[in-house]
Amino acid sequence: MLALGKLLDLTLAGREPTEKIQLTADGTRLHWLAEGALEVTPIGARDNGVDLLLSAGIHGNETAPIELLERLIRKVAAGTLKPAARVLFLFGNPEAIRRGERYVEQDMNRLFNGRHEEGSGNEAFRAAELERLAQVFFSKTERVHLHYDLHTAIRGSKIEQFALYPWAEGRQHSRSELARLRDAGIEAVLLQNKPGITFSAYTYGQLGAEAFTLELGKARPFGENQEVNLERLERSLELLIDGSEEQPDGSRLDGLKLFSVSREVIKHSDHFRLHLDDDVANFTELSPGYLLAEDIGGTRWVVDEVGARIIFPNPRVKNGLRAGILVVPAKL
């Protein structure tokens, strides 16, 4: 197998490869662009016009998606997975991955869409670098641009595998992309309703890609992801990469749950209190009238939505950041 197929090993060791460009036996080109960044280009006769960006490790302790990308990279390098799509593999936060920590100084997935310009440190610099790499990768016109940013969550979930679909002015959510997610094992999709500051929000809103954040289970250390079943997603990504995927049928979205954002719970001060157990699962239902959170100045978040569920509850975020999202069932 080609040395560039060991991108994770290189990243964990903090090493640059001796050869930054290598070719497989059939002519597929592997190009190491930067730390944790590998571009795969198919031979011209096989290129099907798809540009697929796969990122993982924006949070360094979310290892199951990193291991998934590593398996795909090794298959490409060994010649057992023959790409028809251009693919950019990104391990987002190398230093946090090496430390096995969510982040070193700042939550990187709050630093996109220009937020990195307001910060400093390695994670702000890396967010800017990831934006640049994505911008260059998606600069070819008249091609299909698709981005999956793969994550696992801090806590368990009533719906284990779900996606967040960004929002941008004047764009409609794609039924065929939703069908593709369903076919890959994604059980639910949260349709967002305002611009975001995540990596997928950047590639969707600024670069025009179809882009999603995928939440794929609970975060665990390397080698301890046996309970995270990514077989359907891995197979779907292989079909996308080698060009043998059947066109998703977006006319029916049976089996896919859709949600929309009702409200975000923002932590304003150190007096913020979230009235949920630390181990409450994502997508836990909350009854109307439930006092969800309180903050300084008499600020109260009381559930008044029917069918409301909580996702990403985290009272430990910095002041001014989102400490949870209330979502409700939705339709297209």
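Even glycines carry a Cβ here, placed using N, Cα and C.
Note that the coordinates shown come from a computational prediction; the quantities given were computed from them, not determined experimentally.
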Out of H147, H151, H173, Swiss-Prot lists as part of the Zn(2+) site with H59, E62 the residue H151
I'd like the Cβ neighbour count for E215 (active site), meaning other Cβ atoms within 10 Å of its Cβ, all protein chains included. 26
Inter-residue C-alpha distance, E215 (active site) and E62 (Zn(2+) binding site) (nearest angstrom): 10
